[in-house]
2 protein chains.
Amino acid sequence: MMALSQHIIVSLLRVLALGGTLAATIVMVTSHDSFHFLGFTFVANFTNSPTFKYFVAVNALVSGYGIIVLFIHPNNLGARRVLLVSDMVVTLLMDSSISACIAVGEVGKKGNNAAGWLPICGQVSKFCGHVEGAIFAAFLASLLYFLILFYSFHTLLNNFYTLKS
Amino acid sequence: MMALSQHIIVSLLRVLALGGTLAATIVMVTSHDSFHFLGFTFVANFTNSPTFKYFVAVNALVSGYGIIVLFIHPNNLGARRVLLVSDMVVTLLMDSSISACIAVGEVGKKGNNAAGWLPICGQVSKFCGHVEGAIFAAFLASLLYFLILFYSFHTLLNNFYTLKS
């Protein structure tokens, strides 16, 4: 039902996406920086923000999913429909975690005058660098998931076309 | 190709989703509050934050899209595929704008100790109420878009099944 070349393309995209989500998780978890001010030590860590914790949770979860589906090659149409819907949910989760991180990261980088929130990336640049790297890796992974979604959707429909004609 | 009952269900979902995105846009645009502190007046407005501006842009864009597609009822399969992919992009955009808003809204409500960002919702509660309302309306709309996506996907595939048998 599903050609070998389609299997190979989707598997390759999945391996790359898995690399992206794993990298995003590791880079975010290892983000750590501190600075001293008036005798106090401030520590920047991903656990300080619920948004960054959510990002790590989503990327770790999607990495687990990415490993499992590498071994699943459904041949019947029902199972391929289920896989396509779960890929859609994964893409939405990735999209959500990246957008949330960019929004908070933007405040960290530029601050917000109206709210009186000062930028912090000048003080904890190593931390901000990690966050940026993690967002970039997750963004690449989510693009790959979008490609997988798009490709699976069209091959699934084209298989129907082939059956029809 | 597409049954009348399917048309009616999808159109109904689209009208409800349009109501949600329109409400989200209007409620966010009309959010406005101010407070006085040490002789200064601070004004809270959606234009103060790039995240809230992005939210308004996405919801206004999706509202426009929602109006246009109400008048489009493609009967051929190619056009239905294109519509499904554009619904997917719209769902991703909504998901992204809501997640970003929730992330920044959470900082507004609870602040962030590690970054030294104080909560502001105590001072501008009217503004925060509007933001919460707008997020809620957009969330309902994005759930409806997910339903539309899910339903269109399955009816599209089932039509193929019917053709096949």
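Residue 1 is the first one shown; counting continues down the chain.
Glycine residues also receive a Cβ, built from the backbone N, Cα and C atoms like all the rest.
So that you can see what the record holds, here are the features copied from TrEMBL:
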- B:1-23: signal peptide (SIGNAL)
- B:8-144: domain 'Casparian strip membrane protein' (DOMAIN)
- B:52-72: transmembrane segment (TRANSMEM)
- B:134-157: transmembrane segment (TRANSMEM)
Tally of DSSP helical, extended and coil residues in the domain 'Casparian strip membrane protein' (B:8-144): 100 helix, 14 strand, 23 coil
Residues from the same chain, set at least six apart from the ends of the transmembrane segment (B:52-72), whose C-beta lies under 8 A from its own: 11, 14-15, 17-18, 21-22, 24-25, 28-29, 31, 46, 83, 86, 90, 93-94, 96-98, 100-101, 104, 131, 134, 138, 141
